[in-house]
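**Student:** Got these off TrEMBL a minute ago, pasting:
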{"type": "TRANSMEM", "residues": "32-51", "note": "transmembrane segment"}
{"type": "TRANSMEM", "residues": "72-94", "note": "transmembrane segment"}
{"type": "TRANSMEM", "residues": "114-133", "note": "transmembrane segment"}
{"type": "TRANSMEM", "residues": "145-164", "note": "transmembrane segment"}
{"type": "TRANSMEM", "residues": "184-206", "note": "transmembrane segment"}
{"type": "TRANSMEM", "residues": "213-234", "note": "transmembrane segment"}
{"type": "TRANSMEM", "residues": "240-264", "note": "transmembrane segment"}
{"type": "TRANSMEM", "residues": "276-298", "note": "transmembrane segment"}
{"type": "TRANSMEM", "residues": "318-339", "note": "transmembrane segment"}
């Protein structure tokens, strides 16, 4: 038995360290499986966008569905929610069927990493299924999706902050500390420069008139939060350095970088038509969301309260259940981005995450990020250095 288990583990190591062809050729491969699930998620995102922006071309086909009412209830915002519900059902079923997986070579491990023919039948079937449901159920799902998307944002936020703190500890723990210190200072300087540049550009783009008081408040408050995080990190009792607050500053500037209202947006005239810049912005935002979902999904170690020092050889490489849970909530999140967090809001073509509701979601997310970061810094200063390093060492993004 031990010889058989050892040979299976050696086989897994060959697959893990082998080429993409070797990984793809193997039927039960958890490392390749996560990329396949990520690709499926991207395709569903693209489908939801097509249904929203170019669904009119399929109006004749939509009329065949009884609950679509001449096809109109299966396009636009409601069409996005129907596609999102199908994606959510797929990943939630995968979550329920893999949540207790702990060993490789088990039946649940093989279900997660293989059985692709069955999944290629189940996946489109679940995408089509919501188009058979009445609008009342879709509206209910739209309301629930607000909370699911919020859960996704919180998980993503903790993962990003954990990665930033881990990166700082990684540089500080290197043997050549002086050389790494120079690299850290250079990286922090670049990050702070980009933060200041981002704030200046936001003032130029989104405050064309002194009457844009809300934009002035959001941008100025973001600048204050950047200074606050730096002050907390540099406090003698915490001494977290420059790198973590500078990277967190970039994150909050990125979140804030969106105007409130077309009147207070110098680019409103050009954004009213579809140009190449609008398309590029949409594609980048869509890919960033998919990558964020993927990277967060494989980062299950960040949410372990206790690090397992004696990890068994046949333990799974990442939490399958957590991975699918993140993708399930990510399905709700991409729906909210495409409909502007408002189930009664119509979106223009090639737009994503715009509108008053989206703005307040981003601002609250920004403030929450600063609160969590500050609490982690203060909490880390109260524990021993070894405990803090152990906690942060387990929290890194296992993307590759």
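Heads up, the Cβ atoms here are built off N, Cα and C, so glycines get one too.
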**Student:** Count the Cβ pairs between the transmembrane segment (145-164) and the transmembrane segment (318-339) that lie under 8 angstroms and are 6 or more residues apart in sequence, then report whether there are at least 3.
**Tutor:** yes
**Student:** Determine which recorded stretch among 32-51, 114-133, 213-234 has the most C-beta pairs below 8 angstroms with the transmembrane segment (318-339).
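**Tutor:** Ranked by Cβ pairs under 8 Å, first place goes to 32-51.
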**Student:** Can you see whether the transmembrane segment (114-133) and the transmembrane segment (213-234) are touching - at least 3 CB pairs under 8 angstroms, only pairs 6 or more apart in sequence?
**Tutor:** no
**Student:** Same-chain Cβ contacts of the transmembrane segment (32-51) under 8 Å, 6 or more residues past its ends?
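**Tutor:** Beyond its ends, the transmembrane segment (32-51) has Cβ neighbours at 20, 23-24, 26, 58, 74-76, 79-80, 82-84, 86-87, 91, 112-114, 116, 123, 127, 286-287, 289-290, 293-294, 297-298, 318, 323-324, 327, 330-331, 334-335, 338.
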**Student:** Would you mind listing the long-range same-chain contacts of the transmembrane segment (72-94), meaning Cβ under 8 Å and 6+ residues beyond its ends?
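**Tutor:** For the transmembrane segment (72-94), the sequence-distant neighbours (Cβ-Cβ under 8 Å, at least 6 residues beyond its ends) are 37, 41, 44, 47-48, 51-52, 55-56, 58-59, 62, 65, 112, 122-123, 126-131, 133, 135, 138-139, 141-142, 145, 148, 324-325, 327-328, 330-332, 334-335, 338-339, 343-347.
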